[in-house]
Amino acid sequence: MTQKLHIKTWGCQMNEYDSSKMADLLLSTHGLELTEAPEEADVLLLNTCSIREKAQEKVFHQLGRWKELKKNNPNLVIGVGGCVASQEGEHIRHRAPYVDIIFGPQTLHRLPEMINQIRGGKSSVVDVSFPEIEKFDRLPEPRAEGPTAFVSIMEGCNKYCTFCVVPYTRGEEVSRPVDDVLFEIAQLAEQGVREVNLLGQNVNAYRGPTHDGQICSFAELLRLVASIDGIDRLRFTTSHPIEFTDDIIDVYRDTPELVSFLHLPVQAGSDRVLTMMKRAHTALEYKSIIRKLRAVRPDIQISSDFIVGFPGETAEDFEQTMNLIAQVNFDMSFSFVYSARPGTPAADMPDDVTEDEKKQRLYVLQERINQQAAQFSRRMLGTEQRVLVEGPSKKDIMELTGRTETNRIVNFQGSPEMIGKFVDVKITDVYTNSLRGEVVRTEDEMGLRIAQSPQEVMNRTRKEDELGVGRYHG
């Protein structure tokens with residue numbers, strides 16, 4: 001009888017990526033097939049996130065539900081992974097002794113051995129270590145699930161922002177070798193993937209080892225990925241302003257595969273608050289990056305992250321954040337009220353902004369960004385947009401849905417053979433969270449680019465300095 005696996009995932013796209021890898025891994029090693037119903041499962045995995053408030057209590061609440069399933073099925077294996085597990089491993093083991101396996105983001109590749117240990121009679125297994133980049137060497141080959149795919153290029157973060165737990169839960173920055181990244185993407189392209197999203201806590205800090213002992217920068221990696229035949233769209237998330245260097249901006253100038261949409265977290269518009277957050281940049285420096293980007297990509301849309309009510313944030317500080325939002329004209333945001341994360345420096349700061357004030361500031365901020373997003377959407381009315389068709393629409397299964405380069409969802413009437421391909425759609429209606437349109441051109445009528453070798457793409461902008469060292473410019 002086929003054994004079943006249920007995974008519940010909270011948090012960022014890195015967690016979603018990790019969960020998909022866990023599913024692929026356990027299918028290949030134990031024949032475990034995914035199920036949406038936890039009561040059907042032989043193995044239950046909870047992939048946790050510590051970003052949101054009361055993350056630990058949310059974990060124990062979920063585990064309490066699964067405890068009843070364990071009572072009815074003593075052979076059920078329960079595992080907790082992700083950032084809360086990394087932070088609170090021993091606490092979880094003591095408070096929820098019925099949990100069999102506790103693993104961190106960097107040890108998910110060891111799940112098969114852990115499950116075998118539990119089934120062999122061991123009472124519990126805890127492994128929340130940071131074994132560098134080992135996990136990527138132990139995962140099965142990538143499996144495409146549609147025309148878009150996420151690919152992790154690095155793990156961890158060295159920035160140690162005062163509010164953030166990531167360096168403590170995922171470790172410091174470690175980049176995957178460039179050949180490994182390119183090979184994974186090439187495999188996905190062969191399976192029909194047309195758009196790839198490069199993932200990392202701080203992707204623009206990527207410094208990938210090459211086969212000849214050199215280091216590949218993030219800008220160089222972007223050009224190499226763009227050269228892979230079949231990959232027509234390239235995204236990345238998330239990045240840090242202090243490492244958004246000019247060579248990355250140059251890629252926007254000369255690489256059309258890189259989309260005109262960027263998520264670049266700023267967190268606040270007040271230099272005083274940014275200093276307390278240890279962000280290592282000013283609001284002016286952030287605006288300078290955006291100005292340079294728009295000089296080479298006038299149509300680029302920018303999204304960001306904001307934390308309101310950080311300890312010590314005054315009404316004037318918040319007003320400076322609102323000014324930055326207006327000046328940059330953000331298209332969307334992920335915005336949160338501040339709440340302390342145990343073990344972070346900010347947790348020791350006096351949390352002197354009232355909850356009511358935090359909520360009010362969040363409402364004002366989100367309303368402003370929603371207004372700006374609505375203006376962008378209205379400007380798209382009557383325009384033609386290139387859409388990558390992802391599948392049937394959630395609103396109407398008789399229609400298709402896809403995304404524009406600027407990450408707008410578009411629903412339209414079309415035929416099944418369009419799925420996985422590009423279509424040009426004329427926008428006819430604008431809604432709060434989506435657009436509607438009519439197909440005016442199919443992929444066969446577009447004349448998309450001809451295949452180029454990686455070296456041809458790199459040579460487009462390669463120049464040598466006075467020492468004969470290659471540099472890449474627009």
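In case you wondered, yes, glycine gets a Cβ from its N, Cα and C as well.
Features reported for this protein in Swiss-Prot:
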{"type": "BINDING", "residues": "C12, C49, C83", "note": "[4Fe-4S] cluster 1 binding site"}
{"type": "BINDING", "residues": "C157, C161, C164", "note": "[4Fe-4S] cluster 2 binding site"}
{"type": "DOMAIN", "residues": "3-120", "note": "domain 'MTTase N-terminal'"}
{"type": "DOMAIN", "residues": "143-375", "note": "domain 'Radical SAM core'"}
{"type": "DOMAIN", "residues": "378-441", "note": "domain 'TRAM'"}
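What Swiss-Prot annotates, mapped onto the structure for a quick look.
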residue : record                          : DSSP (3 states)
C12     : [4Fe-4S] cluster 1 binding site : coil
C49     : [4Fe-4S] cluster 1 binding site : coil
C83     : [4Fe-4S] cluster 1 binding site : helix
C157    : [4Fe-4S] cluster 2 binding site : coil
C164    : [4Fe-4S] cluster 2 binding site : coil
*Which same-chain residues, if any, lie at least 6 apart from C161 ([4Fe-4S] cluster 2 binding site) yet have Cβ under 8 Å of it*: Q267, M277, K278, R279
*Show which residues of the chain containing C164 ([4Fe-4S] cluster 2 binding site), separated from it by at least 6 in sequence, have their CB under 8 Å from its CB.*
C157, R341, T344
*Cβ neighbours of C157 ([4Fe-4S] cluster 2 binding site) where a neighbour is any other Cβ within 10 Å*: 22
*Enumerate same-chain residues with a sequence separation of six or more from C12 ([4Fe-4S] cluster 1 binding site) and a Cβ-Cβ distance below 8 A; give 'none' if the list is empty.*
C49, I51
_Test of understanding: give the count of other CB atoms lying within 10 angstroms of the CB of C49 ([4Fe-4S] cluster 1 binding site)._
19
*Per DSSP, what is the residue tally for the domain 'TRAM' (378-441) in helix, strand and coil?*
5 helix, 34 strand, 25 coil
*Per-residue pLDDT averaged over the domain 'MTTase N-terminal' (3-120) comes to what?*
90
*Residues in the domain 'MTTase N-terminal' (3-120) grouped by DSSP into helix, strand and remaining coil*: 65 helix, 22 strand, 31 coil
